[in-house]
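Take a look at the structure below.
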Amino acid sequence: MASKSVVVLLFLALIASSAIAQAPGPAPTRSPLPSPAQPPRTAAPTPSITPTPTPTPSATPTAAPVSPPAGSPLPSSASPPAPPTSLTPDGAPVAGPTGSTPVDNNNAATLAAGSLAGFVFVASLLL
């Protein structure tokens, strides 16, 4: 009788591990582009601490012009709109990966049916 209970416990462990392995979860996120190799970092040169002489102002500052120069665009004119750009870079897939996602699969129903069948089978072994 002890060997039968060991077999039943092993079978229950197998059912539990398979149910955990088949449970839907978030898909792993990976970038479709390879990661670029980073160049080795070099130490930045230390700046010298010699004081820089301050230039003496030789000319008086001039006032800013009040009106824009002739031929320049007026501030009220709007720039043309930017051309439309795609949201995905060139060469990237338009849609997501072709694997199943948690939204569009029915693993939950299959998992529940398989678990119920497993429990019924184990219960029939015990009786």
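The count begins at 1 with the first shown residue.
Cβ coordinates are placed from backbone N, Cα and C, and glycine is handled just like the others.
According to Swiss-Prot, of the candidate residues Pro32, Pro45, Pro75, the site noted as 4-hydroxyproline is Pro32. Distance noted between the C-alpha atoms of Gln22 (pyrrolidone carboxylic acid) and Asn107 (GPI-anchor amidated asparagine) is 8 Å. Secondary structure at Gln22 (pyrrolidone carboxylic acid), taken from DSSP and collapsed to helix, strand or coil, is helix.
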